[in-house]
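Colleague: Before I ask anything, let me first share the structure, which is written out below as structure tokens.
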Amino acid sequence: MYLCIVLFPLVGSLCTGIFGRFLGYRGAAVFTTCFVFFAFLLSCSAFYEVALCASPCYIKLSPWFMSEMFDAYWGFLFDSLTVVMCVVVTLVSTLVHMYGISYMEKDPHIPRFMCYLSIFTFFMLMLVTADNYIEMFLGWEGVGLASYLLINFWYTRLQANKAAIKAMLINRVGDFGLALGIMGIYYIFKTVDFSVVFACAAHFAANPAPFVFCNIEFSTLNTICILLFIGAVGKSAQLGLHAWLPDAMEGPTPVSALIHAATMVCSGVFLIARCSPLFEHAPTAGILVTLVGAMTCLFAATTGLVQNDLKRVIAYSTCSQLGYMVLACGLSNYSVGIFHLMNHAFFKALLFLSAGSVIHALSDEQDMRKMGGLARLIPFTYCMMCIGSLSLVGFPFLTGFYSKEVILECAAVNYTVSGHFAYWCGATCVLFTSYYSFRCIFLTFSCKGQSSKQLFKNAHEAPLLMALPLCALAFGSIFVGYLSKDMMIGCGTNFWGNSLFSLPQNVLLYESEYLSQIQKLLPIVFTTLGAVLAFIITKRGTHIVVNINDEMISTAPPLTLTQSMSNRFYQVSSASFFIRKLYFFFNKRWFFDKVYNDLIAQKVISFGYKISFKTIDKGLLEVLGPLGVSNTLLKFVQQISRLQSGFIFNYALMMLLGIAILVFLVFFFPMFYPIIDIRIVFILIISGLMVSPGPKGEVAPGCEPSEQPLAST
């Protein structure tokens, strides 16, 4: 049963990929959806047996590859962490498959689309069920490959090609860090099995063996954990390696929902949680994880404030929520981080699929400035979008509220510099998240329509196959947090067993129960304030119009879209110079793209052309390499060939010079006497006299050149 959870999506993908043309549109869609649904049912059964009945399962299959120094086996580990991830992945994947049947019905390549979705699900399940780092790395790379195929599904679009290549390249940076971390684990622990590595982590923490590089000592566990965290930064789009995530919106909307909700971006958080025994004994790495998570929250929230593309706003909210999860893991609250990951899967999938319904209703329009007044046209989608947004901002008693509040409370009681920094970054992000979430709702559904009537004329509600997944996700976005809070993160719960590890002194979850009411209510106040600001600025307030060239600033009522585009004006909320510069800074995504392009990509290209190509390849390698050697020998041979003149007196002259040099060496440098035989000198002198040229350079008798042509053979 346990192996079928992993294998069913693979079987569905292979069958659809091979026999898709024979199964047809409906056959391929139903076939893959059924197999993923069966995997979900088996995951629920495994969740009951493993998590609720506290009976982990370990399956060891045949050897993968064996050598004298290294062995690797096919093995699968099903503990509480694994089965929770399996349920989340298979449930969201099933709903996305069902949604995609209707959303992609007019696409001629839907068998290929379903094949890619299923193989994506398989690799994610391979990642979360692996019992060693090598097998996990296989799933890790497979998820990256499948994401490339899905983002580039519409491969005829240039932007889709760019986004897929960008995702692949940026993830390679994180994958390289993860690979180095796995090598370091094998170098220290002599194995890559989770059970052995985690059991020995405490021993290596108590008996540190730092390694030296460039005469600098590094802590072994801290270095390994930092390398593993680099891999998590790449996959979970944390600050520094985040640039691929917003551009991944170029794929179909169901792909965005699957990537952002339950699969690829969650794998980095899962990696940190799975390696919790290592991170618990690496305090420096824990501080780094906390700071990066907090900064990612702040970056993504501020960037989402100024986005106008509907899917990009939700994409930056994903990046921000991933920062919360990483922040929680950095504070040693891995259970809270995974709990927020599970909750986030429901409301983020709901938001993306609801956005897909809006885009589907408006004939693929994604710019929120061209929308408005859709609440009357598509009321069901409006309700679903509101539920997802309220859960996202942490509205009381919805799913997102129970996990986000606990993360902020744990950060508040962590009385360190990193803890206070994380708390205030997280609390500030609550304000920003509330603002851009309600701004999205107001611009899309409540404000007056800013586009032509033709765009709204054909607006229609989502069909049944698209509506059913939305209802299921809406139920999860409302009730899952309340139903599972005490079981997963309640004080004294033993739900996670040995799958997550935390040192006994890490009791932030218990201390958060005694936090002051002001600090507990502060995020709710920020949520309300963000909603009010979004309402005032978006619907009621006047707009400050700022020219792109900064030539003029004026206060004016809200302009129509046509006027705004023709005048090339940006609308912001204040005429202040600081606000305009801050708006520009947020709109440029903190200039990370400029740094990547100008200071990294352009410099590397320039270095490659001027140094690697012109100086080394065309310079040193051609001068000192094969081409240079061949040219040198050719010139040397040409100089030597000039001595072959065909005149005997030239040859005799060379011989006499040689004899003179030999005589000179023998009589004036006694050191050469043992190696030169005097008889050879005598023979050379006599030979020179015999071949000396005649008068006036005549040729010796018998040596005249023949005028007769050679007889043909």
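Please read every residue number as a count from 1 along the shown chain.
Even glycines carry a Cβ here, placed using N, Cα and C.
Remember, TrEMBL labels are computer predictions, not curated facts.
Checked TrEMBL, it gives:
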TRANSMEM  6-23  transmembrane segment
TRANSMEM  30-52  transmembrane segment
DOMAIN    64-114  domain 'NADH-Ubiquinone oxidoreductase (complex I) chain 5 N-terminal'
TRANSMEM  72-101  transmembrane segment
TRANSMEM  113-130  transmembrane segment
DOMAIN    130-418  domain 'NADH:quinone oxidoreductase/Mrp antiporter transmembrane'
TRANSMEM  136-155  transmembrane segment
TRANSMEM  167-189  transmembrane segment
TRANSMEM  209-234  transmembrane segment
TRANSMEM  255-273  transmembrane segment
TRANSMEM  285-306  transmembrane segment
TRANSMEM  313-333  transmembrane segment
TRANSMEM  421-442  transmembrane segment
TRANSMEM  521-538  transmembrane segment
DOMAIN    578-665  domain 'NADH dehydrogenase subunit 5 C-terminal'
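Could you tell me the structural context for the features on the list?
Modeller: Outside the transmembrane segment (30-52), and at least 6 residues removed from its termini, the chain residues within Cβ reach (under 8 Å) are 1-2, 4-6, 8-9, 11-13, 15-16, 23, 78-80, 82-84, 86-87, 89-91, 93-94, 97-98, 101, 114-115, 117-118, 121, 125, 495.
Sequence-distant contacts of the transmembrane segment (72-101) (same chain, at least 6 residues past either end, Cβ-Cβ under 8 Å): 2-3, 5-6, 9, 29-30, 32-33, 36-37, 39-40, 43-44, 46-47, 50-51, 56-66, 110, 113-114, 117-118, 120-121, 124-125, 128-132, 134-135, 192-194, 252, 254, 257-258, 261-263, 266, 270, 273-274, 338, 341-342, 345, 349, 353, 356, 465-466, 468-470, 472-473, 495-500.
For the transmembrane segment (285-306), the list of distant contacts is 221-222, 225-226, 229, 233, 237-240, 242, 272, 279, 312-313, 316-320, 322-332, 418-419, 421-422, 425-426, 428-429, 432-433, 435-436, 439, 583, 586-587, 589-590: same-chain residues at least six beyond its ends, Cβ to Cβ under 8 Å.
Within the same chain, residues 232, 236-239, 242, 245-246, 248-249, 256, 260, 265-266, 268-269, 272-273, 276, 279-280, 286-301, 303-304, 307, 340-341, 344, 348, 351-352, 355, 368, 392, 404, 406-407, 410-411, 414, 418-419, 422, 426, 429, 432-433, 436-437, 440, 502-503, 506, 508-509 sit at least 6 positions outside the transmembrane segment (313-333) and bring their C-beta atoms closer than 8 Å to a C-beta of that stretch.
A mean pLDDT of 78 is what the model gives for the domain 'NADH dehydrogenase subunit 5 C-terminal' (578-665).
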Colleague: Who are the long-range neighbours of the transmembrane segment (167-189) in its own chain, taking Cβ under 8 Å and residues 6 or more past its ends?
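Modeller: Same-chain contacts beyond the ends: 70, 133-134, 137, 140-141, 144, 147-148, 151, 196-197, 200, 204, 209, 220, 223-225, 227-235, 241, 243-244, 247-248, 268, 271.
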Colleague: Can you name the far-off residues of the same chain, 6+ from the ends of the transmembrane segment (136-155), with a Cβ under 8 Å from a Cβ of it?
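Modeller: Cβ under 8 Å, 6 or more out: 109, 112-113, 116-117, 119-120, 122-128, 130, 161, 163-165, 167-168, 171, 175, 178-179, 182, 231, 235, 248, 250-252, 255, 258-259, 263-264, 267, 271, 274.
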